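As annotated by TrEMBL, transmembrane segment applies to 26-49, 61-80, 92-110, 116-139, 151-177, 183-202, 223-246, 258-280, 292-314, 320-341, 353-375, 381-402. Taken from TrEMBL, the feature domain 'Major facilitator superfamily (MFS) profile' applies to 27-406.
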Amino acid sequence: MQGETTPLNGGSRADAGATRSAALPLLIYILALGTFLMGTTEFIVAGVLPDIAGDLRVSVARTGLLITVFAIGMIVGAPLMAMLTLRLPQRVTLVVALVVFAIGHIVVAVGDTFAVLLLARFVTAFATGAFWALAAVVATRVAGPARGVRAMGLVNAGGMLATALGVPLGAFAGQLVGWRGTFWALAVLALAATVLISRHVPHQEGRAQSVSVRSELAVLRSGRLWLALAGCAATTGGVLAAYSYIAPLLTDQAGVPARLVPLALVGFGVGALVGSLVAGRLGDAHPHVVTLVAPVATAILLVMICLASGMPWLTAGVVVLLGFFGLGANPVLIALAVRFAGRAPTLGSSLTVSAFNAGTAIGSWIAGLALASTLGATGPAAVGLVIVVLAVIPAVALALIARHRAPRTRGSGDARTANALAGAGTAI
């Protein structure tokens, strides 16, 4: 299929191949550190939930609202902050986002009422969405067109590493120094990242005054952008519908000892980390192969979970592969959204943040209903299977569109794609 072998950056294969294997700039790794902190704070509450509930004297169920509020803040905040920071230099936006992130964690660490914590988490989510969306655009611009998806894969891997390492370490730190100490640590690390970002992000002027919110919003007319966003929501929503309730399936259905469940969860995170890096490598040259294989392989794995959940070691192994295939395509989907957003790459990236979180929220909610139904422990996996199958539809549609457009956009005719991925970000 022609569209599946056309490089995402739109340049010639010879030129792209000459630079694709070159080392990435240091800034990409600094941005990955930032997304590591963002990913850790998104899920760390789950690891210290009982401690927060006991300290503030509220129920565990109510304390879970700290997770819900954060997700809502990400969904709303990412595109909103993209608009509000439209004319600011990228370095200023990233630094301000990290400073607000740090302040939010300090407020949580010293807060003595549940309402204060809720407000701080909501504001922190806005900063997280702003940083995550812009980090993808900056990484693509700095890395160049031939390595854009690879750079996104590394930045996205920071978030995946948070699942495998950041959350367990945060929970462990909470046991040693209390849950407030975990949030203090995140605040200090965010301030350190602020210094690195301010030193290594190239200085740029803000956008020209002619750039308007209306011109940015014009990209919402792109059908391909909405297909990419649908892929983001469905793929992630399906995977995390199953993952959110994987613990009861492992213990009640597969017979895995409760003490070994954290190892399976770490395995999922490691799988997602490796998958993101591999997809980032492959996605520059074969984006539609990645976005097609990922949901199909994920659907097969979820079928295996439903049918073979009584086999502990097989189920645990499938959980690791679920992280690899289920979340590995995320950097490619982000790159496609940025590409289809044209001259509004930050808005396109921010909309993927909203799509990922919306898919997660909806998928996990339906999965919770399935868990309480007659489906039992395999219910969430069944829900995830249905959602992931839906992700195949936009993936196929995008591949067919790419195949149709390939003869007209091959070579120099696709320079606009390279500009969208690498050059357009310089105007921010």
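In case you wondered, yes, glycine gets a Cβ from its N, Cα and C as well.
Annotations in TrEMBL come from automatic prediction, not curation.
Not measured: the values here are computed from a predicted model.
Only sequence-distant pairs (6 or more apart) were considered; of these, fewer than three Cβ pairs between the transmembrane segment (183-202) and the transmembrane segment (258-280) are under 8 A, so the stretches are not in contact. For the transmembrane segment (26-49), the list of distant contacts is 60, 63-64, 66-67, 70, 74, 94, 98, 101, 105, 121, 124, 128, 131-132, 135, 138-139, 142-143, 151, 154-163, 166-168, 170-171, 174, 179, 182, 186, 189-190, 193, 196-197, 200-201: same-chain residues at least six beyond its ends, Cβ to Cβ under 8 Å. Same-chain residues lying 6+ beyond the ends of the transmembrane segment (151-177) with a Cβ under 8 Å from its Cβ atoms: 24, 28-29, 31-40, 42-44, 46-48, 51, 132, 135-136, 139-140, 142-143, 185-186, 262, 265-266, 268-270, 272-273, 275-281, 283, 323, 327, 330-332, 334-335.
Two recorded stretches are said to be in contact when at least 3 C-beta pairs lie under 8 angstroms, sequence spacing 6 or more; the transmembrane segment (353-375) and the transmembrane segment (92-110) fall short of this definition.
By number of Cβ pairs under 8 Å, the transmembrane segment (223-246) is matched best by 381-402 from the list 61-80, 92-110, 116-139, 320-341, 381-402. Of the candidate ranges 61-80, 116-139, 258-280, 381-402, 258-280 has the most C-beta pairs within less than 8 angstroms of the transmembrane segment (320-341). Counted over residue pairs separated by six or more positions, the transmembrane segment (116-139) shares at least 3 Cβ pairs under 8 angstroms with the transmembrane segment (61-80), which defines the two as touching.
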